[in-house]
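*Asks:* One structure coming up, written as structure tokens, with questions to follow.
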Amino acid sequence: MSTPLLSAKGLRLAFGGVKAADGIDLDVMAGEFLAIIGPNGAGKTTFINMSTGYLRPQAGRIEFDGQPILGLQPRAIVRRGIGRSFQLPQLFTEHTVLENAALAVASRLGLWSPLAPLLRPAWREEAMDLLERFGLQGVAGSRADALNEGARKLADIAMAVALQPRLLLMDEPTSGVAAAEKMQIVETLVRVLRQSGVTAVFVEHDMDVVARFADRVAVWSQGRIAALGPPAQVLADPVVQRDVIGISAHA
Amino acid sequence: MKRETLLAIVGALALILCAWAIPWLKFVLTVALAKGIAVLGILLLLRAGQVSFGHAMFLAVGAYTVAFVAPSVPEVLLLLPLAALLATALGLVIGLFLVRYRDIFFGMLNLALSMVIYSLLEKMYAITHGTDGIRIAALTFAGVSLEREVQEWVMFGIALTLAIGFGLLVRAYLGSPMGRALAGIKTRETRLEFMGVSARLVLLFAYVLSALMGGVGGALVSMTTRHVTPQLAYWTSSGELVFIAILGGAGSALGPFLGATAFELVRVYAAAAVADAWQMILGGVLLLVILFAPGGVWGILSSKLKGRGA
């Protein structure tokens, strides 16, 4: 069996009496799409925060491509190839969507050129190309705070993809998006990520999305992984149906 | 962009014309340009959502550098870069510590440090002559001693040239990735970190650049007024810079110069007309700007020009 791209072992983190991570063991294999499901407060976002250096676990270890990443700053982890998107899109609201994308491109290629314009031809072209792949070319000139939620989610993910990560952790990429738009957004981002060869872990509450797009599902419950496997098998499990999906659907 | 360039050219010509037509205004306009250069630094920090209530310390460092060194080296062309260098060095040292803080903490720590510098300048009488200040002897330009009238024109010319130079520099900087990332500190610092970018480093660069421009502004003020006092570092002087930044508007590199010119002119004429109430008039002007023209003088002018162009 090949080395996992991301490997978490025995992660523990408690906030007061609440165990957000209570012995998490998870291997994410290169090329797979892994969905994380579970009720609110189960520790899903905490796992993403620990994997990206935003939170430090009290115990356990995390390796990326065989190298330990625990204790590194978020920006150092990003540079190693782990990207993330946010439940609440983190866009630079004063700038246009194109400038947002160009800033992400710039941060990969060298932000530290104080006198050359951000929208220099090469970066503008790459940023536009990125936005086209996400179907956002029509709103390239709009201010980021003028977008609807679906477009903001995609722009947020596009900025993470601009950094050319090998692993992308997405926190609820479809939350707050109108039901009619949801499938289209996931289809778009899955297509882009597959084309780019990016491995993905995503937190999701919509079981239709999980069933259709995930290669594996990890079920989070009270800081532990309660079940892990292919969607058809995990989602059909009566215990998961009763204890997780029933709650998650109402979350 | 074209509007901005046009307004800059017209503004520079208007300043030259005023300085020529009303000789005593040369002094006022030179000080306005010098302060405008310092306020460019405030504008950079405003773009990052940060307000420094202590930036006058860099003006004071620039001004006192001139005062201390001028007796042995009275050359303007050496004093200016030296003042810029020392203010930049201080900006780097203070900045390394200050960029860890945001908002009210950033503003108040700047204020506290500037008051430390004010106190040092005031108390170390043997070196600084306390509140009496230091008078600056006649300076030379490229080795030539100049008559008073010529010297005034030279200082005005240097201030205008540096104002244009720093204005262009700041405009280019604000359009660059680092300049655009400043807004990220204001709105989405987390995203900057998750783009692999150190928000502190982005802010530090802006802070050091603002200290440099503060030092240059202070040196020009001291060379023009030929007298320095600790008042240069006092918190009201820092407040004045923030006042000018808001008055001029943060939307363009022209804003600080529009604000500084308006400020100095209102001050001169208001002080002449109603000697006891000029601060109140300035306060009233600021209140009106905040209430009715949040984009400052630049905002008013640019919308008028846009309206005409449409």
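For all residues, glycine too, the Cβ spot is worked out from N, Cα and C.
What you see is a predicted model, and the numbers here were worked out from it, not measured in a lab.
Copying in the features that TrEMBL gives for the protein in this structure:
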- B:31-49: transmembrane segment (TRANSMEM)
- B:56-73: transmembrane segment (TRANSMEM)
- B:79-99: transmembrane segment (TRANSMEM)
- B:104-121: transmembrane segment (TRANSMEM)
- B:153-174: transmembrane segment (TRANSMEM)
- B:194-221: transmembrane segment (TRANSMEM)
- B:241-266: transmembrane segment (TRANSMEM)
- B:278-301: transmembrane segment (TRANSMEM)
*Asks:* Thinking of Cβ pairs under 8 Å, which stretch from B:31-49, B:56-73, B:241-266, B:278-301 has the most of them with the transmembrane segment (B:153-174)?
*Replies:* B:31-49
*Asks:* Short question: which residues 6 or more past the ends of the transmembrane segment (B:104-121) have a Cβ under 8 Å from it?
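*Replies:* Residues 50-57, 60-61, 64, 94, 97-98, 128, 130, 230, 232-235, 238.
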*Asks:* Among B:31-49, B:194-221, B:241-266, B:278-301, which stretch has the highest count of C-beta pairs below 8 Å with the transmembrane segment (B:79-99)?
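*Replies:* By Cβ pairs under 8 Å, B:194-221 leads among B:31-49, B:194-221, B:241-266, B:278-301.
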*Asks:* Given the transmembrane segment (B:194-221), which of the listed stretches B:31-49, B:241-266, B:278-301 has the most Cβ pairs that are under 8 Å apart from it?
*Replies:* B:31-49
*Asks:* Near the transmembrane segment (B:31-49), which same-chain residues lie under 8 Å Cβ to Cβ, leaving out any that are not at least 6 residues past its ends?
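*Replies:* Here the qualifying positions are 15, 55, 58-59, 102-103, 156, 159-160, 162-163, 166-167, 170, 173-174, 179, 182-183, 185-187, 202-203, 206-207, 209-214, 216-218, 220-221, 224-225, 240-242, 244-245, 248, 250, 253, 255-257, 259-261, 263-265.
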